[in-house]
Amino acid sequence: MGCRVRRARADNPQATSRVQGGGGPRATRGCQATERKGERVPPKTDPSPAEPTGPLRPAEPREDAEPAASPTTAGPTARAAAPAARATAAGDTGRTAAAEGAGAAGIDGAGRPAGEDGAGPAPGEGAGPAHGEGAGPGAEEGAGDGPSPLRVLLGYVRPHRAALFSGALLSLVTGATGLALPLVARRLIDNLSEDRPIATALVLMSLLVAGNAVLGALGGYVLQRTAESVVLTARKSLTSWLLRLRISAVDGTEPGDLLSRATSDTTLLRAMTVQTLIGFGTGGLTLLATLVMMGFVDLVLLAVTLGVIGLAATVIGLIVPRISKASKRAQQSVGRMGAVLERVLGALRTVKASGAERREERAVHAAAEDSWRESVRSAKWSALAGNTAGLSMQVAFITVLAVGGARVATDSIEVGSLVAFLLYVFYLMAPIQQVVSAVTQYQVGAAAISRIQEVRRLPAEPGALDAAPLPEAGAAPAAVAFLDVRFRYGPEQPYVHHGVSFTVPPRGMTAFVGPSGAGKTTVFSLVERFYDATSGRVLVDGRDVRDWPLAELRSAIGYVEQDAPVLSGTLRENLVFGAPDTGEEALAEALRTTRLDGLVARLPEGLDTVVGHRGTKLSGGERQRVAIARALLRRPRLLLLDEATSQLDAVNEAALRETVAEVARETTVLVVAHRLSTVTSADRIVVMDTGRVLAVGTHAELLAASPLYAELATTQFLATADLA
Ligand SMILES: Nc1ncnc2c1ncn2[C@@H]1O[C@H](COP(=O)(O)OP(=O)(O)OP(=O)(O)O)[C@@H](O)[C@H]1O
């Protein structure tokens, strides 16, 4: 295939770096020579506002908390919490808080996850980021002062409040059955010492024990199920938001990091729901009820117990911030590890071809070791907090035994009362552990929520996710116009369009030519409204693209990107991706016109052949033809082809050129082209350079009127065409 000569320009560092090989695949693909042209006008750094990109902030922490209460003494809350905490401590260590970046919220001002069903942000619910045009400012506001993690959690919990309430109630009833047990035990002992029958007390005790077990198991199941539902709500809500993100927002993120937030971070909500919300509620209530019951038995012993608990609470209060700090660092390290891994796996061939495996391995291992170090530190403080609570109960038990023994000796209380009180001390262990666990787990969950919110603060596109119906067969072709469009990719970026203007009437083929970095692909991005023009207007059918319902605008367009991305899945899934209702006949026709029918016939599974991640099992040219067929199947009113045939051999390219020429008779076709053959047959050619339109005309007109076009035609295009 042909090699294009591309210019490196001193006035456009981005373009220069791309040409020199530092700027991505396009810069180097098929290119062997660069040409410096110093007289171009430097882009102005105009301070007018641009679309905010919602920068991500450093990754937030994760924390692991030990399961709190012993299953024998705890209610369903603690039992439900145990697996949740285990998941946190074990499985969740795999959460890749990839990139260190992040930044965003979600959840509306009241902490609601947008969309009651959790399936996504409901329009009008005001899910944090402003929609559409105003998404940027909305995203910037409150970037650091969104609703508290607790409010956000309550928002996710709201749709499941009935189930959660039932679980909590079961948990409380279980606790109550446990609390009644010492009283029955006291009666049993008293009856024994006074030679009264004990059968009733024994039956009652058995019923209480059995009831405790059954209700405990049921409550545990209900709570665990509810916690999973909370995770589901958060996941649906977050993934819906991810799919709505503006391209400009995604430009500034690490996909691996976003992935980890939607999977691992949301998982942490499970433990948070059970341990923090329910644990604190039921644990706190059970603790209070136990203390009240203890007060009924003996106030002096209660005072002794409270003294010991107060001491332990002070020590734990000093430990908790250390857990939080260590966990934050551990999470950041896991994030670094994820970022490096994603980089490696995303370009494994390049890593191998560059012999960089060892270097990358060292980077991944260093991050993993950092994470290990901090996790161990966090585990140390967590263990200390848990043990402090446990130790305090043992101290309380011994102290109560000593003080209580003395009181029995002085006939201040009965033996039965002492035994009952000691049983209460024993029962106190579970709620205290629950409360301690709730506090530590809150730190973990709060970090996860803050990472989820960071994503939800990124600007999203307006409207619903549903696609609009595709144009009917024979629908009128679209007209396109740019009116003095200025555009830059971000406030810190240089302008890439400096007042671009051109008009494309319905039907026919319009080719965009110009040196690398001239802004040709950007034209297509603005038509698709992946970005909004900073100033000026982009019109489709005479209507500003910002006034179009986005889904309707895009349904009118077929777009073949420069890289012709193919998604993992089967060939058929890829072909009908943009038009899922495509019939077999239309599919066969598209295969024929894009000359894919031969490939399908060769493949053992035909259209149902799996093409691999990013279509790695297809050749570059096959991928391009799949992308073209996919666009054609949408019956677009406007077809955008961005160097769509650059990887095709001469025979396929000629065939596709004929197909496109045929399509252009009924549809408006815009094509970014580098082959002279494509350009000469175009109805009009727009010559661009450094973000400006230099000339518009036919090949013959431009050869005479545009020095740049003449230069391109006699060097790059001719060279390309000759080689092709
Ligand atoms: N997402 C982005 N963020 C920031 N800058 C970008 C982004 N995409 C493109 N650019 C920059 O915008 C300028 C125009 O890019 P564009 O892709 O439109 O050029 P092009 O004319 O299509 O080039 P080529 O022929 O090499 O594909 C380039 O300098 C490029 O580096």
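Heads up, the Cβ atoms here are built off N, Cα and C, so glycines get one too.
For 1-146, the entry in TrEMBL reads region 'Disordered'.
Look at TrEMBL and you will find 34-43 tagged as compositional bias 'Basic and acidic residues'.
Marked as compositional bias 'Low complexity' by TrEMBL: 67-102.
Taken from TrEMBL, the feature compositional bias 'Gly residues' covers 117-145.
As annotated by TrEMBL, transmembrane segment applies to 162-185 (among others).
The domain 'ABC transmembrane type-1' annotation in TrEMBL covers 167-443.
Annotation comment: TrEMBL describes 197-223 (among others) as transmembrane segment.
Under the heading transmembrane segment, TrEMBL lists 268-293 (among others).
According to TrEMBL, the transmembrane segment annotation covers 299-320 (among others).
Taken from TrEMBL, the feature transmembrane segment covers 381-403 (among others).
For the transmembrane segment (415-432), the list of distant contacts is 68-70, 73-75, 78, 175, 178-179, 181-183, 185-186, 189-190, 193, 282-284, 286-287, 290-291, 293-294, 297-298, 301, 305, 309, 312, 389-390, 392-393, 396-397, 400-401, 404-405, 407-408: same-chain residues at least six beyond its ends, Cβ to Cβ under 8 Å. The transmembrane segment annotation in TrEMBL covers 415-432 (among others).
Positions annotated as domain 'ABC transporter' by TrEMBL: 480-715.
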Worksheet item: Can you name the far-off residues of the same chain, 6+ from the ends of the transmembrane segment (381-403), with a Cβ under 8 Å from a Cβ of it?
Response: 63-66, 68, 300-301, 304-305, 308-309, 311-312, 315-316, 319-320, 322-323, 326, 418, 421-422, 425-426, 428-429, 432-433, 436-437, 440
Fill in: Sequence-remote partners of the transmembrane segment (299-320) [C-beta within less than 8 Å, at least six residues beyond its ends]
291, 381, 384-385, 388-389, 391-392, 395-396, 399-400, 403-404, 407, 412-413, 418, 421, 425, 428, 432, 436, 439-440, 443
